[in-house]
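Only one structure is covered here, and it is reproduced in the block below.
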Amino acid sequence: MSAPKVTPMVRQYLSIKAEHPDSILFFRMGDFYEMFFEDAEKASKALDITLTSRNKNDPDPVPMCGVPHHSANGYVARLVEQGFKVAICDQVQDPSEAKGLVERKVVQVVTPGMQLDGRYLDASQNNFVCAAVTGRGGVGLAFLDISTGAFLVTQVTTPESAFQEILRMGPKELVLPEKFEENARAAAAMRMADQLPTSRLEGKDFENARTRDRLLEHFKTRSLEGFGIQDLPLAVRAAGALLHYVQQAQRQEITHVTKIQAYFQDQFLWIDDNSARNLELLKNIRNGTRQGALISVLDKTVTAMGARLMSYLLRYPLIDPQVINLRLDAVEQAKDLARVRDEVREALKEVHDLERLRSRTALGHANGRDLAAMGESLKQLPRLWALLKENFESPLLCGEATDDGLTDVADLIDRSIREDAPPGVRDGGMIKPGFNEELDEVAALATDVKGLIAGLEAQEKERTGISTLKVRYNKVFGYYIEISKNQTKSIPPHYVRKQTLVNAERYITDELKEFETKVLGAEERRVALEYNIFTQIVDRINGENDRLEKASHLIAWVDVLAALGHVADHNGYCRPVVDMGQTLDLQESRHPVVEKMLPGQRFVPNNIAMNNLDQQILMITGPNMAGKSTVLRQAALCVIMAQMGSFVPAEKAVVGVVDKIFTRVGALDNLSQGESTFMVEMQETANILNNVSHRSLVILDEIGRGTSTFDGLSIAWAVAEYLHDYKDHGVKTMFATHYHELTDLTKTHPRVKNFNIAVNEWNDEIIFLHSLVEGGTNKSYGIQVARLAGIPASVIRRSKQVLQTIEDSEEARVAYSAKASGKSGKKDVQVQMSLFPTPGELAAQALERMDINVMTPLEAMNVLSELQQRVKRPEKAPADVTAETEDQE
């Protein structure tokens with residue numbers, strides 16, 4: 001575009017756009033936000049709105065599109081959801097006061113991690129943005145949720161651990177240094193950057209001194225020691241950079257972020273992303289929703305704050321029995337006091353999302369409806385606090401926050417804010433009558449102009465005695481008094497003639513001019529005055545930010561603990577004994593999700609007992625559909641529930657604290673990375689073997705399925721041995737398998753115990769009993785299961801024939817292998833698998849390759865005799881029969 005064609009407005013737009021090249025610029029023009037050039041083309045396509053142009057007759061028109069300012073939030077949310085950043089550029093000057101171009105500037109940058117509008121956020125999940133930085137000693141991570149004020153930091157030793165931590169926390173956006181990928185290992189581990197919207201900051205924004213000073217300035221402190229992060233330099237660097245990023249996006253200080261909390265991975269039960277997915281903690285594998293996941297059973301919270309805390313507790317179970325039992329004490333009280341618990345939950349139902357309301361208020365994004373919701377929530381506190389203090393003893397249920405009912409804040413909102421306040425803060429209609437005398441007067445002028453004019457007219461008629469006197473208005477003279485000419489002799493001396501007409505005279509008075517000043521612009525003054533009063537109320541509320549934060553925190557905990565008590569009561573859960581022992585003993589345990597998905601049916605409970613003395617590895621065999629996977633998962637879920645502080649679905653439960661849970665359940669191809677099902681399976685298994693400890697719980701559901709039978713069996717056998725012998729202590733493991741040969745491990749490994757899922761056979765049918773019983777089984781019932789699945793009868797019949805042939809052949813193979821191998825050492829597999837074909841297999845191969853059409857009868861008889869002799873003498877090393885027969889051919 002040539003310079004002469006650039007208008008001042010376009011020049012202003014281009015200047016602001018140059019500062020935000022990676023964002024779609026919402027440029028405020030009157031009642032619309034306009035977008036131009038490439039932004040308009042992108043936004044029109046993403047939002048499905050009309051793309052038009054500015055200066056259509058120009059040979060090079062400017063593409064443009066726009067959205068109404070009052071509905072802009074919805075359009076912004078849609079763009080952000082599609083991965084765009086949006087820079088909101090507002091008019092920061094009253095157009096009536098502008099002597100030229102209205103001043104504009106970007107007031108907010110909205111990104112996936114910077115959303116504040118609760119309508120476009122998942123109420124049950126935090127909306128974190130994460131910053132990561134590498135350095136000597138590992139990786140520093142910081143997570144900040146601008147919508148709640150939560151600010152968490154940690155430091156880990158490896159990029160792989162950082163990657164897993166990011167997956168577990170689930171941020172919506174990443175912030176990385178520009179040269180982050182120069183660390184090749186970090187770049188590989190942090191491939192999350194390819195899956196999440198990622199912003200880059202200059203390296204200097206992550207520097208030690210700069211980030212530390214930024215945190216000290218924000219928290220108004222001289223040291224970071226009080227936050228416990230002074231010895232975490234990488235975490236400090238990540239936190240300082242993230243704070244800078246958020247402040248830049250919001251264009252202001254984020255005063256509602258009042259603390260920063262350090263945490264460490266070894267404080268919590270480690271559940272990697274693969275295990276969390278396999279166990280379906282937060283979403284099911286089928287379609288990624290909550291239905292059918294553990295969270296759907298446990299999350300009976302009634303507030304958004306409680307739902308977010310429940311999700312966090314499920315992702316971060318504890319490993320400290322003392323803290324776990326403190327939670328269990330509170331849940332037990334909530335379970336036992338059902339009537340009080342229900343009253344508490346009823347009160348909580350009236351509480352809105354105080355955390356996000358507090359944040360919106362602090363950042364200047366709250367409207368009248370937000371304050372009304374906050375006031376309605378705070379009204380519940382006196383009743384709620386009284387119920388807690390009078391009935392519960394747990395400090396988690398009646399903390400010090402119960403001494404503060406925030407009645408002063410609730411009263412302020414109740415007196416000032418209308419319940420039916422409009423969504424806009426500059427439209428008026430927010431403040432209740434009677435709260436401000438000046439506003440009441442201005443509002444009266446704005447809403448009752450006709451009545452005031454009639455009153456003034458009646459007053460002047462009475463004062464002058466002129467019955468034809470009228471008070472009128474036009475745009476030229478404003479308000480005036482009109483008197484017919486035949487009565488002008490009676491006008492008072494303070495009337496000033498303004499205009500002479502044929503039949504009347506028009507006058508003004510000082511009182512009328514004062515009235516005009518009040519009435520004209522009364523609506524504008526009312527709206528402006530309301531906004532000023534509203535901001536004063538907001539400032540007073542923001543002054544109580546710490547009190548609101550404490551109340552929100554306690555409400556979330558009360559909601560979670562009451563919900564867990566409710567679930568335990570209604571589902572028949574028991575309180576687990578959680579200690580530092582090495583025992584896992586679940587009596588009559590059930591799968592918490594599956595039992596809820598069997599309406600009208602009884603879930604078959606099972607006893608699961610493990611320890612480090614004589615029953616550490618449970619080798620579980622049995623047919624498909626019998627329930628092996630269910631038993632495995634329910635054990636892991638019971639441990640997770642116990643260590644998060646929940647009761648568990650069992651008659652009795654003893655849980656020696658577990659530090660890590662690993663699962664290897666099923667596998668999917670990772671074709672985009674060139675990885676097969678078997679490779680994925682082996683990677684998951686390698687992760688387990690390289691990271692277990694003697695306090696871990698390992699769940700293995702079929703190892704070695706993605707390769708040949710003998711390879712798979714060999715790997716499964718070796719994995720089981722490794723876990724049994726791990727550092728002389730072993731690892732508690734539940735190992736489901738169809739390799740019945742693995743049951744022989746009990747002969748050489750004392751802490752391996754065989755179990756199977758019982759079935760009954762009747763008339764060639766199988767009945768699944770779903771009971772875990774001691775002992776192994778050598779039957780898989782695969783053909784029966786195939787028949788249940790609807791495989792055609794002809795295929796079933798043929799399957800039985802093939803199975804019989806294979807079983808007969810296998811019996812011969814086992815007999816030969818046992819005879820050939822002799823006695824084996826303690827660590828040897830009891831049935832050795834030959835690496836070479838047996839003589840019988842070689843004979844079969846030779847027969848298959850022979851061409852009898854070119855052989856004489858005598859040659860055929862000689863070859864047949866030779867093959868027969870070799871099969872009869874298996875103890876002799878197999879010769880290359882194939883080569884010999886080829887020579888004879």
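Every residue gets a Cβ built from N, Cα and C, even glycine.
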Handout entry: 50-70, 575-595, 869-889 - the range that Swiss-Prot marks as region 'Disordered'
Key = 869-889
Completion exercise
Counting only residues outside GLY622, PRO623, ASN624, MET625, ALA626, GLY627, LYS628, SER629 in the same chain, those with C-beta within 8 angstroms of the ATP site's C-beta centroid are ILE757, PHE768
Practice task
Can you check which residues sit near ALA626 (ATP binding site), meaning Cβ under 8 Å from its Cβ, same chain, 6 or more apart in sequence, and list them in order?
Solution key: ILE757, ALA758, VAL759, PHE768, LEU769, HIS770
Handout entry: Neighbourhood of ASN624 (ATP binding site) by C-beta distance under 8 A, where only residues 6 or more apart in the same chain count
Key = SER780, TYR781, GLY782, VAL785
